[in-house]
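Straight from TrEMBL, the features:
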- 73-91: transmembrane segment (TRANSMEM)
- 103-125: transmembrane segment (TRANSMEM)
- 137-156: transmembrane segment (TRANSMEM)
- 163-179: transmembrane segment (TRANSMEM)
- 185-201: transmembrane segment (TRANSMEM)
- 208-226: transmembrane segment (TRANSMEM)
- 259-281: transmembrane segment (TRANSMEM)
- 293-313: transmembrane segment (TRANSMEM)
- 325-342: transmembrane segment (TRANSMEM)
- 349-368: transmembrane segment (TRANSMEM)
Amino acid sequence: MCNNYYKVLKWTIPGYLLILAIALLTPLHSDDFGTRIGGFPNFLGHYHRYLTWSGRLTADYIASYIMWMDSHFMRSAFNAIGTYGLIIALAKLPFSLKSKKINLNYVVMFYVIMSIAWTCSPNLGQTSFWIVGSTNYVWTNLFIIILINILLGNLISNNKHSISFYITVFLLSVVAGCSNENMSLVIFGVCSLYLLFVLFFNKPQIKLGAISLIGTLIGAAVLLLAPGNFRRMSMEGEWWQNATWGYKLWLWAFKKMPFVLQVDWPVVMFIAILLCIALPTRKARDGFNSNRHIYFAIPFFIFLAFIANLIMIGSPAYPARATNGQFIMLLGGLSFATFIALENANKKLLIPILSILFLTSTYAYSLMARSYYFVAKQEVIRQYIMNKERSSFKTSATIPEYKFRHLFNEGDKFDMFKPKQLPYFFGLKDVSYINPNFDYSVITTEGTKINIDLNGYAKGIESWVYNDQILRNDYVIVIMLDHYNKDVWSKHDAFIGKSKSVMIDGKRYTLKSEPGLYAINGKAYFALNIGSNKIKSDIKKIDN
């Protein structure tokens, strides 16, 4: 059996390497710094957080362990296992329910789920590549899906289990129950339904059902009854404390759910397409009775996604990354739909559909990998500025915020929160930020030497041109000035700063965004986004 797993799983290794590639390009950011400084195991820090902020002990300890590693490669490689393992576990669900060995169809299912995750995820950057975000929204759900796999594998079987198996399931249940606020209740509900089912239809598994239910109850209680949760909720103010449940329901339905539906409908539509090409076949109709549990699993997982959303009525906020739990439940339904399609659908219909999906996800991945590659170069500039200021015995630095190139989804960006621990991490007391409107990684490459008089206030001495997109043209010109001072800023605003169009070498270009002037590492730059108009970097003249 193990040999069969290795033979099949080796074909999923490229998927792990694709995840790892972007993880390696992702710099430490946001809460990563605070977690890194806290160290591991940091019992006092976690206890303080439990009392004052959150009961997510599972996520907190995994994050501390990953950030405890000194090697960026090791941190990235370990964190990538979370997303990879989650897809592995999701693809395994139908095989667990049927107590069937995985086969090459499993490999296809793995890449279908990965492709949908890459194109439809509500917040891929924050849930998979931000380490603290990943431990909160990927690793916790990984434990939940592993537990569901175990329960499904014993739903209709009469397997006997050892004491060590029950101990493992109990510990896993506690960890899964202590995941995050809405998913802890979802997995507790799943275990409750499981116990109810086996009480009537599969009594040999009552012990398994009871142990998993008790474990998730303990984990959920540890999470939800944390003093930090109540303290954090009290910080929302009287508007939330005094809000009626009718008003909270209105907020959920009309303020929170529109984004969720926007994220979910492509996944539900793809599930429907797979079923439409699979169910009409004679093979599907003839095998319906023997596979009825597989068919019923699809609406069940969609129902779990709905419950995960419904629970958020009790939360004042529903950030995009928090929708990852319900999204993963939909991916569970997708896993069963893909299994049915691969078993029953006409391959002449299925192959084109999957080909379109794989091509789309390849494009989405290419955009993300390209953008993160340049963000990694931006990080080099940011760290250079901070290290230079520290070496000059200064206590503060001004660095540019990250600027992502075009992405398939806005949620592919990692978290942009500015942590207060960042300056201390680099030996400073304070860090301030500017927000440039161009990808400043280009300034690390050799530009084109130019000599442009900018209305007498400065000279442009070097230029770069880059395309912000891949399939379409969206060109940006970056100009470096020979000097900068207060007069440069005021004259720039009068000459170019408010322009909606500019004349470049005798041709007028409409600008897609208002140009700004930015000081990066002691030099001044401005950028002109001229859209689809291709242009060379050896510019001779710019007029307003």
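Cβ atoms are placed via backbone N, Cα and C, with glycine included.
Contact between the transmembrane segment (103-125) and the transmembrane segment (73-91) is supported by 3 or more Cβ pairs under 8 Å, counting only residues 6 or more apart in sequence. Listed stretches 73-91, 137-156, 163-179, 325-342, 349-368 were compared with the transmembrane segment (259-281); the greatest number of C-beta pairs under 8 angstroms is found for 325-342. Using a cut-off of 8 Å between Cβ atoms, the transmembrane segment (208-226) and the transmembrane segment (185-201) share at least three residue pairs, counting only pairs 6 or more apart in sequence. When Cβ-Cβ distances below 8 Å are used as the criterion, the transmembrane segment (293-313) is approached by residues 93-94, 97-98, 152, 155-156, 181-183, 185-186, 189-190, 245, 248-249, 252, 256-257, 260, 264, 268, 271, 275, 322-323, 325-327, 329-330, 332-333, 336-337, 339-340 of the same chain, each at least six residues removed from its ends.
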